[in-house]
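Feature list (source: Swiss-Prot):
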- 1265: active site, proton acceptor (ACT_SITE)
- 114, 152, 802, 803, 1043, 1084, 1085, 1086, 1087, 1199, 1263: Mo-molybdopterin binding site (BINDING)
- 115, 118, 150, 152: [2Fe-2S] cluster 2 binding site (BINDING)
- 263, 264, 265, 266, 267, 268, 269, 270, 345, 354, 358, 367, 411: FAD binding site (BINDING)
- 6-93: domain '2Fe-2S ferredoxin-type' (DOMAIN)
- 235-421: domain 'FAD-binding PCMH-type' (DOMAIN)
């Protein structure tokens, strides 16, 4: 092996980079962040699944003389692969210092950024699209964003910012109506009498896009690419070598010398294997520049040959061109491939992954290989021994040795034949979400008929994601040859394929019965498609399928979302410089979009800084018998291993354990940490820590197991009104049931991050941390280090999303990090990778709800007895408070005169669940709405009618005896029903359902009464500190944390109004325990409420001090008044304080005033469900939210939309999977699916309804959490659709539709002849792969 390296040459943002010692194992993300210090490109998942690290890569093709720009996830791009390429990061697009690019400006001004962590990736995806298509269509914009995740905004404003570049995007966004969206047909409601606005930004402010001003591709790289004397390059690393051949013969010689070396082109298979499966390769071969791998040959009349180096995106373009050039009958395989190429992964991965790599790696989940095999494709391979063709068929995909490439062989190209006149080819798939998700089951099928007949001449069926490899139903196909394509053939085919493809009951991936059902459901779809095609070929000979079956043919479409946001216009008499009530851009919006907003891990490396990684328990409940750290300590770069023995103070604080000692109580509990000079060294050393255990019984994983063992974290909480037992004796009907609601992962884009810096004096320590509760971090670090809190400073500028997940968890992790910093005496950077973040920090509490409801024939509920149990995990965390909130909020919007509610948090051997947006309300109210739906079914009424009958209608007392006025609730409910055209659309859906057997539409409207703040008054207080400087500028600090919700922006608006100065005068640096001590958490939707009051108080104090000077010089300027005040020795600094809402709750008396006010709302959602697959599409959502007076409508609407989409994900596609032994499987974006841009409503309308709330700052309301529950309107719309399907099939319309309503849950509820056909296994004979923990 060569001992020296060649120089790696590439460009980054127009600047030449010459790397003399390139490291083959280093990726581009690490390189730009840690070597080039370009921190705008973010680390979020590390596996190419989230898009936060998106960059643009540009390459020159010397054959075509063209420059190709494409998006790529930097975390998967080996830096050595970039020789001769140009990389553009977000810093290269534009900056505040240089020039803001129109993409960055519009993303910020359209309010497409909240926490800002995903924003650079969004910018790069749109920017790359514009470099290739300066005037994109709306569909291209949606497609370009398909690989980017955002947890804050709900995507709508991001898409809207992109659509401003599209000439097809009109001002009015109502589609197909032929009239303006503001022409409301259904009467005038109270809100329409108010002056309502619909524009959150001014398009006239946007600078135009000028493609001619974009940076040119470096001419030097063109010369390099065209150099006829190129030579082989070798990059030598510490453990590995990277070789780039420049000729085909050179490649074949290398493959002969290193037959096991992987060919790295896109790195989308090799890279994840190294990161997640600990695969190691001493040699990499990268044949990126070989023209033989880049060919496209359409000269062969039998088909097309596509070079193995072509990316999947290039393949898509090639196939699309062919479908335009060739007759439709010849391109059926191409069309099937194109359908899957639209949804396979995201655009970044499609532009990186290559055809050759995808085919040869043969993933079991491949969406393309089954179609290629069904279309009789072949692979052209070559070695030093010569060329040959390998059929891309079942034996190849099943990895049979005789059908596979030899180790020394290289795939040159793939030949895709044209389809025959009497051949039909189709690809089918179903995934947890429409795009960027591995298929749960996919298939490639083709059939060829004897000419002019429906007699099967040849048949191929291949299925993915049902076995360790793609499998071919070859025996089934053989038996069906010669048969007629009719219903009997279908019935036999289903039986045969189920016998041939057996999914074991304990198969990896679970969902066994569902996957069995999908196999034959997809086969049925194929059968219908072929029937329809035959009918088109000869309508006289081949009858068409029944009209009611036609909708089963097509997948649910991907549409570009659009909508309207309505809010109250600002009073025209309000002073121009007063920003309150205006839709002002997030104060860091531009910095988010340029990547200049700094997060913790963006901070420069400190001298002697160490990186920290964790070693966690692999057992749910066990005694630790030994910990051997010797091998880890000996690893290069390791400074120390930290254990419980190193904690100088409390290792168990308030029930939270920092380092496990003697015993572990969950999988994922931190046992020790490794501190090393680099993250790579720390991570590798952590793998070498050896821990032995003795299991302890029982290991309690589920709620039911906890109930069986009487294992609880808290005492029972209860409220009761009326006489429940008596009422049950005097009702017409009683129903009982239970609902399981699974948990939810926060999936904030920035994982938990801490930088702990020990000081040289007085045992002081400074922590930079992403948190919602700096005081809590300070408390835990103080306890762990055994020093007073005044020695611990916690500083927090911003964090990349939180949603409750950064209330308590940063305190525990901060203590862990601080102990390491204390022991080593060096700064410690502690950044959890996504896998460990999901494993350690847990999320929303799973819940089991049991109900008994008594009601009258007319639907009036007279009595309810409800029990709630949550899975709290292994330590207290916030579980007791969550169960209190669940019990208090459990009535939602309904007055039930005899009501009993009890709740208890279960103790299990799972990582401790914690705060999450809505804090128990989203789980509890699903149970409420479920029993409302059950009552409706029993009474043969619409659920909306039952909701109306039982809703609070006048000033009333809650079950805990707090008085409130439901008028805003009634208003939101009525406007939602009216303006969503619910009853007309419901009727239209019923008509659709009559005419379509396999697809059903459903609608639901849910009301909401959501309480704000905390029942303990001391948690509602706040403080602020305001300084006025002599130039008139104002520095503002307060105790709240900027999480993306725009809290700092609102505080600047408050200060601007109170001091009567332009908002540009006010600056806000960070939140710190030094400037504002003892601050409470930023949660409970009360950040702006309480901190706004504190800022207001401080500003009013300052203005009062200035009043004598202002009176003497009323026409003077602000700066003059400030200067005069200083000269008169008037203090220009003031603290502000808000005592807090005086809330209380007496649990012994079961009464109190626990909440200062309520937020009301209603949402109507319409879905379409595919009963054959379980897929659903959200067609439209209308939200009416009681906003009172919005301080900033843009921010508040952003919170409502973002919460709704997060809630929709919680109730539909987000699914945490655990093994029976308590191991979390869902540890990254590949395994846990949050909504993408394709999941949001096709039509999305949000109206902010005006009301009064004099108790709060400017009569506003906290809207951060309320929208979460409204996402359940999607769940109950699905329930409505499934109920219709079940009724049509003669099944009961009362059934448990648990949450989340995943495709599996939906499909298995839509029972039919196919679900009846699948074999069932005896549960006592196997251990399932995964279990539910609710």
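Cβ atoms here come from the backbone N, Cα and C positions, even for glycine.
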Exercise for review: Find the shortest Cα-Cα separation between residue 150 ([2Fe-2S] cluster 2 binding site) and the binding-site residues 265, 267, 345, 1085, and name the residue that gives it.
Suggested key: 345
**Study point:** Separation of alpha carbons, residue 1043 (Mo-molybdopterin binding site) and residue 118 ([2Fe-2S] cluster 2 binding site) (Å)
**Key:** 13
Review point. Which chain-mates of residue 1087 (Mo-molybdopterin binding site) that are at least 6 residues away have a CB under 8 A from its CB, listed by sequence?
Key: 1040, 1041, 1045, 1047, 1262, 1264
Practice item. Quick one: of 115, 345, 1265, which recorded positions lie within 10 angstroms of residue 1043 (Mo-molybdopterin binding site), measuring between C-alpha atoms? Sequence order, please. Key: 115
Point to revise | Spatial neighbour of residue 802 (Mo-molybdopterin binding site) that is closest, considering only the binding-site residues 269, 345, 358 and their CA atoms | key: 345
Check your understanding: Averaged over the domain '2Fe-2S ferredoxin-type' (6-93), what pLDDT does the prediction give?
Key -> 97
**Study point:** Per-residue Cβ crowding (10 Å cut-off), top of binding-site residues 411, 1263
**Key:** 1263
Study note, to complete from the structure: Cα nearest residue 115 ([2Fe-2S] cluster 2 binding site) among recorded positions (263, 269, 345, 411, 1265) -> 1265
Check your understanding: Which three-state DSSP class does residue 411 (FAD binding site) fall into?
Key -> strand
**Study point:** List of residues, in chain order, with Cβ under 8 A from that of residue 114 (Mo-molybdopterin binding site) and at least 6 apart
**Key:** 152, 153, 586, 801, 1044, 1045, 1046, 1198, 1202
Study note, to complete from the structure: residue 1265 (active site, proton acceptor) sits from residue 345 (FAD binding site) (Cα to Cα, rounded, in Å) at a distance of 31
Review point. Roughly how many angstrom lie between the C-alpha atoms of residue 411 (FAD binding site) and residue 1263 (Mo-molybdopterin binding site)?
Key: 56
Point to revise | Surrounding CB atoms that lie within 10 Å of the CB of residue 358 (FAD binding site), all protein chains | key: 24
Check your understanding: Tell me which residues of the chain lie with their Cβ under 8 angstroms from that of residue 1265 (active site, proton acceptor), as long as they are six or more apart in sequence?
Key -> 917, 918, 919, 921, 1010, 1084, 1085, 1203
Exercise for review: Go through 115, 152, 345, 802, the listed binding-site residues, and name the one with the sparsest Cβ surroundings, counting other Cβ atoms within 10 Å.
Suggested key: 345
